[in-house]
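Colleague: Below you will find the structure I want to go over with you.
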Amino acid sequence: MTIRIAINGFGRIGRSVLRALYESGRRAEISVVAINELANAEGMAHLLKYDSSHGRFAWDVRQECDKLYVGDDIIRLIHQPEIEQLPWGELGIDVVLDCSGVYGSRADGEAHLTSGAKKVLFAHPGGHDLDATVVYGVNHQDLQADHRIVSNASCTTNCIIPIIQLLDVAFGIESGTVTTIHSSMNDQPVIDAYHQDLRRTRAASQSIIPVDTKLAAGITRIFPKFCDRFEAISVRVPTINVTAIDLSVSVTSPVDVAEVNQLLQKAARGSFRGIVDYTELPLVSTDFNHDPHSAIVDCTQTRVSGQHLIKTLVWCDNEWGFANRMLDTTLAMARSGF
């Protein structure tokens with residue numbers, strides 16, 4: 001059975017989801033029926049075809065009136081600001097992938113269901129009252145048929161949660177800190193401009209900019225036992241894609257660098273294959289652009305202090321890796337039943 005999806009919001013993640021679907025060869029499993037985006041159709045088609053981070057899309061793209069043609073496929077374009085007015089029932093939508101970055105509450109999810117969708121997957125963290133928050137590879141197997149409003153967490157949560165789980169099971173985590181070194185995002189100005197967050201009034205290309213992050217809360221959402229045991233900070237850096245995460249954890253078992261790297265390498269080749277990758281090469285951020293993994297462990301940067309303090313550096317393409325997990329979670333939601 002082919003899952004019929006709609007994409008609500010055709011920005012960085014929405015376009016990456018569509019491109020990832022075509023590039024990953026999963027069109028027999030998932031079909032994009034419609035896209036709802038307030039921007040004009042000509043701009044939607046242009047930005048799908050030409051992308052500053054991911055290059056030119058390999059499929060032929062053209063737009064006519066309210067239709068987007070991708071290869072031989074026809075996708076309906078909608079420009080409806082009110083979720084309750086979307087024609088999901090008429091179009092037979094199984095799952096809405098809400099990539100707007102605006103919606104994320106249970107009420108928002110229920111509005112999509114009222115419009116006729118069977119299930120909703122938010123491409124960002126949602127409220128505590130959602131049916132589930134999924135980090136694919138860690139807890140997607142817990143999805144049930146009555147989980148109709150689901151969050152796919154965040155790109156950074158998807159990156160770091162598998163590593164935390166692996167280190168905790170092997171060595172027993174007592175507490176930890178996380179520093180996210182994140183590429184610039186579209187909530188930052190090209191030149192100085194007004195913003196509620198005074199640090200984000202500054203030009204994105206000119207500074208390393210500390211910003212707020214809810215990553216610690218995201219860790220606790222997946223692993224409640226770590227409540228008040230993790231803290232996180234985040235800085236934005238003048239690159240347009242790819243993020244690095246510096247994870248430090250104190251553990252109960254004595255350990256050395258070789259043991260940590262062996263554990264993570266084994267997981268990348270085994271239980272987390274396709275989700276976690278592992279590199280021993282002297283790479284830089286641009287080398288991980290367009291990488292579909294949630295996390296890539298840089299073993300050259302693993303450190304252990306006093307046998308009980310572990311520091312790891314983990315890379316991710318915060319757009320492409322997350323977009324691929326959106327597709328994985330969509331299929332997992334479908335497998336759990338409607």
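Glycine too: its Cβ is placed from the backbone N, Cα and C atoms.
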Colleague: If I go by Swiss-Prot, which of Arg200, Arg269, Arg273 binds substrate at the same site as Ser154, Cys155, Thr156, Thr213, Lys214, Arg236?
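Modeller: Site partner of Ser154, Cys155, Thr156, Thr213, Lys214, Arg236 for substrate, according to Swiss-Prot: Arg200.
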Colleague: Report, in whole Å, the straight Cα-to-Cα distance of Arg236 (substrate binding site) from Ile13 (NAD(+) binding site).
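Modeller: So the Cα of Arg236 (substrate binding site) lies 18 Å away from that of Ile13 (NAD(+) binding site).
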Colleague: I want the residues beyond Arg12, Ile13, Asn318 whose C-beta is within 8 angstroms of the mean position of the NAD(+) site's C-beta atoms, in chain order.
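Modeller: Nearby residues not in the site list: Gly11, Ser16, Cys155, Glu319, Phe322, Ala323.
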Colleague: Taking only the recorded positions Arg12, His182, Asn318, which one has a CA atom nearest to the CA atom of Cys155 (substrate binding site)?
Modeller: Asn318
Colleague: Do any of Ser154, Thr156, His182, Arg200, Lys214 (recorded positions) have a CA within 10 A of Asn318 (NAD(+) binding site), and if so which?
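Modeller: Ser154, Thr156, His182, listed in sequence order.
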